[in-house]
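According to TrEMBL:
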{"type": "DOMAIN", "residues": "99-249", "note": "domain 'Stalled ribosome sensor GCN1-like HEAT repeats region'"}
{"type": "REPEAT", "residues": "14-52", "note": "repeat 'HEAT'"}
{"type": "REPEAT", "residues": "91-129", "note": "repeat 'HEAT'"}
{"type": "REPEAT", "residues": "168-206", "note": "repeat 'HEAT'"}
{"type": "REPEAT", "residues": "207-245", "note": "repeat 'HEAT'"}
{"type": "REPEAT", "residues": "246-284", "note": "repeat 'HEAT'"}
{"type": "REPEAT", "residues": "328-366", "note": "repeat 'HEAT'"}
{"type": "REPEAT", "residues": "367-405", "note": "repeat 'HEAT'"}
{"type": "REPEAT", "residues": "406-444", "note": "repeat 'HEAT'"}
{"type": "REPEAT", "residues": "523-561", "note": "repeat 'HEAT'"}
{"type": "REPEAT", "residues": "562-590", "note": "repeat 'HEAT'"}
Amino acid sequence: MAASDSGTDESLYPIAVLIDELKNEDVQLRLISIKKLSTIALALGVERTRSELIPFLTETIYDEDEVLLALAEQLGNFINLVGGGEFAHCLLPPLESLATVEETVVRDKAVASLRAVAAHHSPQALEQHFVPLVQRLAGGDWFTSRASACGLFSVCYPRVSAPVKAELREHFRSLCQDDTPMVRRAAAFKLGEFARVVEVEYVKSDLIPMFVNLAQDEQDSVRLLAAEACAAVAALLPPEDMEQLVMPTVRARAGDTSWRVRYMVADKFVELQQAVGPELARSDLAQIFQALLKDTEAEVRAAAAGKVKDFCMNLDKAHQEHIIMNMILPQIKDLVCDPNQHVKSALASVIMGLSPIVGRQNTIEHLLPLFLTQLKDECPEVRLNIISNLECVNEVIGIQQLVQSLLPAIVELAEDTKWRVRLAIIEHMPLLAGQLGQEFFDEKLTGLCMSWLIDHVYAIREAATLNLKKLVEQYGAPWAETNVIPKVLAMSREQNYLHRMTYLFCINVLSEVCGKDITTRVLLPTVLSMADDNVANVRFNVAKTLQKMAPYLDPAVIQPQVKPVLEKLNVDPDVDVKYFASEAIAGIAG
């Protein structure tokens, strides 16, 4: 008997430890305990997890949000630990409680776990256990439970019987008409998702009226989410119903008094265009888009400007050029000179993409003057976005038309006070090199590329070394030997030790692309001479560089030239130099 008691006590030990840790005053200990739930459940076995652990967790949901969040996440992965899908309903009580707490992050995680658990229910179990839970949450006293319920309809609706489906649609309607804006907002957010699983006849008869009401809600935060659902709802309807059921709402929201709602329409415009089809896009959406491009609010204009290329690309080919040239282009001409830099920047990031759509003649006649204007814009982001997308224009008209304006813009960006702007232009140099041609590049831009190697920001110097490597890959090793390497070698004699280190970083990347002959004959001697540098950081970088160069060197120079220098560095008074020298010796030997 004693032995039996001892065995029982031993089997209860894991849950006893859990209870102790869950009641500990230290939040971190309670959190660690929750994260170990799966281990404890394995120790207890599926039956005791269902009969003891889950009820215990259900009763103790009164903790810090951080602990509750961890618990909600853990329970979503508990299906196998309670015995599989047959017993998935055991997990519903604690998750139901978590779905009603005040903290939004916890509720969202609980809803995500409930959705995962719902997938493991059979249709019978859904009707018996899950649907009643959704109904309880939807009819809860607190808005928190009703808001959580909105995210659960779509996961159970497809697999329940017709009478239960009718009940669920009725519950969703009541949530769409809830007194609390937060609940209506949650319903509007999930409306599109729910509509995708509802039969088309009920979308028309039940969901469209809900959608129209939400889109006319007194709260703009609800209206903007309804505007977001427009595309999802439209995609489900046949073309003949679109004009009557969806377009009035689209028109109303595109002219909404709240700029946030208009912004959402602009942001989702391309999805909406794809959903309504080419005919309505031509007859209705083009005018709406035109109005959004000249909206009074800069945020709305910026959102619409960013969609110009995609909207134009998706237009019906038969009417594409006419709509672009007569409706969109006049607005673009105004936006190029917009007082707000975010609007100009958004437009600059896509305007080049119009070239392939409108063709060579229209690009030269209408778009080229706009590109040139933007290349001279006072805002660096605008100039940078134009330069970033040069390849679109290059394919249509070639880059020569832009060269005269391009060069001053590149130089200004290269010397911009914001280092991130300088970094971005460096990253586009290889592309420019390919498009401008070697002769023009040598004359105008090689000096600029070299000046970045001595920039005061490390990220710029690092990007400049990688840029050199890409240029050598493009123009070849002979070009590097004539135009780049002499200037790089001169840096090894600079007073500033950071410049000498940048020289070594350049050698690391150039040795990969210059070939064995140039690396051994031209680059190696200077690296070896720098082993006597008076700065330890330079000396240990010599060791690192020699290790990286070794695979690209003539094997005949390793023993007589490289090894003696590394052995000398291996007895250097500086501990870091010794360490990297020994690493290099081992690396080369290996």
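Just so you know, glycine gets a Cβ as well, placed from its N, Cα and C.
Through the fold, the repeat 'HEAT' (523-561) approaches residues 485, 489, 492, 497, 500-501, 503-505, 507-508, 510-512, 514-517, 568-569, 572, 574, 576-577, 579-581, 583-584, 587-588 of its own chain, all at least 6 residues removed from its boundaries and within a Cβ separation under 8 Å. Counting residues 6+ beyond its ends, the repeat 'HEAT' (406-444) has Cβ neighbours under 8 Å at 375-376, 380-381, 383-384, 386-388, 390-391, 394, 399, 451-452, 455, 457, 459-460, 463-464, 467, 470-471, 474-475, 479, 483 in the same chain.
The list of residues near the repeat 'HEAT' (367-405) in space but at least 6 beyond its ends in sequence, with Cβ under 8 angstroms from a Cβ of it, reads 332-333, 336-337, 341, 344-345, 347-356, 358-360, 412-413, 416, 418, 421, 424-425, 428, 431-432, 435-436, 440. For the repeat 'HEAT' (246-284), the model's average pLDDT works out to 86.
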